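What follows is one structure encoded as structure tokens, with my remarks underneath.
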Amino acid sequence: IQICKDAFHVSPCSFSSPDSVEDELELSAVRHRPEGLEQLEAQTRFSRKELQILYRGFKNECPSGVVNEDTFKDIYAQFFPQGDASTYAHFLFNAFDTDHNGSVSFEDFVMGLSILLRGTVQEKLNWAFNLYDINKDGYITKEEMLDIMKAIYDMMGKCTYPVLKEETPRQHVEVFFQKMDKNKDGVVTIDEFIDCCQNDENIMRSMHLFENVL
Amino acid sequence: MAAGVAAWLPFARAAAIGWMPVANLPMPVAPAEKNKRQDELIILNVSGRRFQTWRNTLDRYPDTLLGSSEKEFFYNEETKEYFFDRDPDVFRSVLNFYRTGKLHYPRYECISSYDEELAFFGIVPEIIGDCCYEEYKDRKRENAERLMDDQEDNKDAKLPNMTFRETMWRAFENPHTSTMALVFYYVTGFFIAVSVITNVVETVPCGSAPNQKEVPCGERYTVAFFCMDTACVMIFTVEYLMRLFAAPSRYRFMRSVMSIIDVVAILPYYIGLVMTDNEDVSGAFVTLRVFRVFRIFKFSRHSQGLRILGYTLKSCASELGFLLFSLTMAIIIFATVMFYAEKGSSSSKFTSIPASFWYTIVTMTTLGYGDMVPKTIAGKIFGSICSLSGVLVIALPVPVIVSNFSRIYHQNQRADKRRAQKKARLARIRISKTGSSNAFLHSKRNGLFNEALELTGSTEDEKRLSKSTSLLESQHHHLLHCLEKTTVSVLALSHILNHEFVDEQYYQQSYLEGGLQNYPSRSPSLSSQDGVTGTCCTRRTKKHHTPLPNASAPAHMQPLTHTHTHPQGLQELSTIHIQPLSTSRSSLNMRVDEPAPLNCQSSQITTAIISIPTPPVTTPEGDAHLPAGPTHQNVVKVSAL
């Protein structure tokens, strides 16, 4: 999913040599306009009205048209005030930022949302795997899972019940790996993951939980 | 939760899918969306200016008027919009708050009107953004100070019963309250001046005998000066004791600056009386006499400028402290440098570092007495650096102090000006209020006529109806009548004269005029009662159906007499006569102690008999309502209308 900055609209940003002062200013004031509504409508599973609502919220919070990681973290921190959501937000950011350019534009955002809210279970599981696979190499290792787990527990802060102990994330990871890692090779591949999740009723049910959002 | 973040809730919920595969327990059921309401535009009509916004925007702050269901009270069904009868300019800021999450305070807006609007829309002013918060707080503080100034002036009003002590204190604090206070003020001022001049003249050398050296006047005319001093000190002592007696809080008074100055001013005298003429302590005694100069500070009670200066210095304490500190630092540095620079030269005056202090101070303040000058080249170089830096160091804090003084001084000027303008302003306000209350009474009278004529149904008089009485006014008049009916004692008969007076004071004091109104009685029994009732009460009998707005004055202007109850329990009031030049007043709504004379100039209104079926029980109450009238007992004093 390419973002054609110069194809459709006159975009005032230019990525020429970052040596001169003016270029620095332009870089810092990057503006991005999304593709037209019709394209987005075609590429995602949202209706026109829904896209409008999404974009208005997006643009209100990020007038420049792109979200950077700090804003992501801020937003997430406001939803989860009791703990520290920044690590998880970091992983989320990387999951949303599909072209890895350090910023999430509206297209990225809406594509991600489209999968998460309106996608098939397969797509959702795929997306979740992508989230867990931090280095995007196709395998989830125990360390990656531990990082994710710690991030999730961090979000809860001190309000976990029972009280969080140091080994709780590790134990949780062990449980997860026992469930998911069929061939016990220490990593979870995408197929193992999808298979296992499809056989787990709880997980399947929870995948449909947020479908009526928006 | 902040404004725009609510729009990101779908995203946050969607991202929760990341937790699902690792969850330990099954997830709870999601809340069902009962009515998927699409976001709609709502129209806010503020005094004719239409603002439109999404409903969701307003819902971001549910604890305000616009964000809660409170706005439904303002919904207009016909036009399908929310109408607010408020200032549209301020509303702009309010609405922007919803849109952007930041509340801004426009500089051109009056602070109290802005506060009112915020209070109306349920927004706490503390969330004003940092960009505008300081300005807001400054303006608010200024306004509060101004109001406090005005309130302090009101405090000067004499309370009805003040003890002697309080009167005295008030006289001391504000000399303009009474003549005695003014006299006292000037007398003390005079004696302060006398005392100070005496102290000064004491040291002037008077002419001397040819064989003696010149002696100061103090030693030549010892007795005279001593008497003068004694007199002044006695006056000051008496004054201090009186103030101490009158002070509401003696402890606080004794701690205040002025009282300390007073004490310091008179203490040396007493100490001098007590001490003997001992050689040892005479040196200390001489020192004490220096403190007599503090008497000059007593003038600060008399001069507002001095007080302002003192207040300024107090409020700039930190700047002064900084000045002092930096000067001290510079002095020490330069004195040291100069000392070592001049150490080499012979017969140098810079004998030690403290001795160099004097040179440094004199140079930095650009005085340059010339009693100590550097001779070496190094000394001269450092000396010039010293004088240049002195100018800078002193010049820095001075503008701050000056601006503080200027601000406080102007504030005081403004306060004085406001006080002076206040009287004129109040007078003008009073006049305009009179005009409006006259208009009110005029319309009320018309309202009466309207009602009366409606009741009688007489058509030709309807032409005289002024149609200008609005529904609000007629309801207001009706309300006043109800009050009158409740309270007025249905007493005897008197005659209302048709009045058109304008008595300013009268109107001001009793805004709600009572008046016995004229409703022609519908009771058929009245006519039959004419014969039954005795002649104890005078009444006009021809009044039943015509209110006779311009009927001529009845010939006999007799006062109302007593309550009169009919066998049927009816009481009647006939035409009520207001006697000119009498203090006729309504028995209601009016302070008994202040009757004002009426200026009846012209015609009179007559009223019909009012037959009111009231139980006789009301009579004693009614009596109670009667004013202990100065001139008439049992006269229902009615207001003129």
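Even glycines carry a Cβ here, placed using N, Cα and C.
Residues or ranges marked as signal peptide in TrEMBL: B:1-16.
The domain 'BTB' annotation in TrEMBL covers B:40-139.
Within its own chain, the transmembrane segment (B:221-241) is flanked in space by residues 187-188, 191-192, 194-195, 198, 202, 206, 259, 262-263, 265-266, 269-270, 295, 298, which lie at least six positions past its ends and keep a Cβ under 8 Å from the stretch. The transmembrane segment annotation in TrEMBL covers B:221-241 (among others).
Among the features that TrEMBL reports, transmembrane segment is placed at B:253-275 (among others). Within the chain carrying the transmembrane segment (B:253-275), a Cβ under 8 angstroms from the stretch's Cβ atoms is held by residues 229-230, 233, 236-237, 239-240, 243-244, 247, 281, 285, 288-289, 291-292, 294-295, 297-298, 300-301, 310, all 6 or more beyond its ends.
The feature transmembrane segment is assigned by TrEMBL to B:320-341 (among others).
Counting only same-chain residues 6+ beyond the ends of the transmembrane segment (B:353-369), those with a CB under 8 A from a CB of the stretch are 327, 330-332, 334-336, 338-339, 342, 383, 386-387, 389-391, 393-394. Residues or ranges marked as transmembrane segment in TrEMBL: B:353-369 (among others).
Note on the transmembrane segment (B:381-402): residues 312-313, 316, 319-320, 322-323, 326-327, 330, 334, 337-338, 341, 359-360, 363-366, 368, 373-374 of its chain, located 6 or more positions outside it, place their CB under 8 angstroms from a CB of the stretch. Positions annotated as transmembrane segment by TrEMBL: B:381-402 (among others).
Across the domain 'BTB' (B:40-139), the DSSP tally of helix, strand and coil residues reads 47 helix, 20 strand, 33 coil. Predicted-model confidence for the domain 'BTB' (B:40-139) is 90, expressed as mean pLDDT.
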